[in-house]
Ligand code: KG4
Ligand code: ZN
């Protein structure tokens, strides 16, 4: 039997999970409300909140999984990419826990873990598959050849898809993080109300900064005509924005599927919680004859279950690291 404690602290969620023989038994997430009033994550506040949350979060994960500390066989933690101060809290905790209990330590790449979240529950994709990983910090199309053999086919040249949602939300006077709110308002709006440009970026890369500027100019022009423009049109604006971000993402994903001939298509990361993206991918999958994999909501945004499952697959291969391991702000898939 293999009992893995997974720890995630790369950004603003402190999370701990227990995985027993590849099955997730608990996945506790402590979010940090402190950032909302600043309109974005404040790194120093994030690391302090991680310090406050890490011990109760791990305790709760152990309790909910109905195990004892002594039952744990290995500790897996997010090494990067992420905010260095935040990563340091999870890494230091994992190292101390492993040292005190003489347990093997497993480092996990956060971007790989978002993709490996697809191996938590059925149905699981078979290798190779394509994954569109869309989060607050990344937008990538990855060819997944094996658990830890991944090739980056394309990525954003500027803002990530989550940033495009969050920065647009700011323009629309919505609180941080705006992605889920745009999703909510979009449900009541007409996506064809406002025409927004699709950037012409070569290969399988993305760009969202031009779209953000186009939205800002559109809102400014409309507000000149009607100062109550946003209040009166928020649903239509959100629906139009969401529909454009989704079409940018899916058009590139379609191009990647054609280029590689791979027909198993997955999405991962915080933005894969977006209902417009989930629905449009399902439709595109049906039209294109793809097998589509969409994670459960709880495994889209940052969580330790994905770290624990990635850790479990490294545990099977006995891929351990020493106490000299340090976190990395930047890491490739
Ligand atoms: O993966 P994640 O939790 O953290 C990072 O590693 O960045 O992703 C967070 C991002 C934020 O930008 C948030 O606005 C976005 O995911 N997000 C959404 C939705 N839920 C979360 N964006 C659009 N629609 C949603 N429903
Ligand atoms: Zn993430």
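Just so it is clear, glycine is given a Cβ too, placed from its N, Cα and C backbone atoms.
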Please identify which of 27, 274, 303 is recorded by TrEMBL as part of the substrate site containing 133, 134, 135, 136, 137, 166, 179, 183.
274
Which single residue out of 302, 324 does TrEMBL record at the Fe cation site shared with 110, 114?
302
Hey, of the binding-site residues listed (110, 137), which one tops the CB count within 10 A?
110
Among 110, 114, 302, i.e. the binding-site residues, the one with its Cα nearest that of residue 179 (substrate binding site) is 302
May I have the list of same-chain residues other than 110, 114, 302 whose Cβ is within 8 Å of the Cβ centroid of the recorded Fe cation site, in sequence order?
8, 10, 78, 111, 113, 135, 269, 303, 306, 307
Please list, in sequence order, those binding-site residues from 133, 137, 179, 302 with the Cβ less than 6 Å from ligand 2.
302
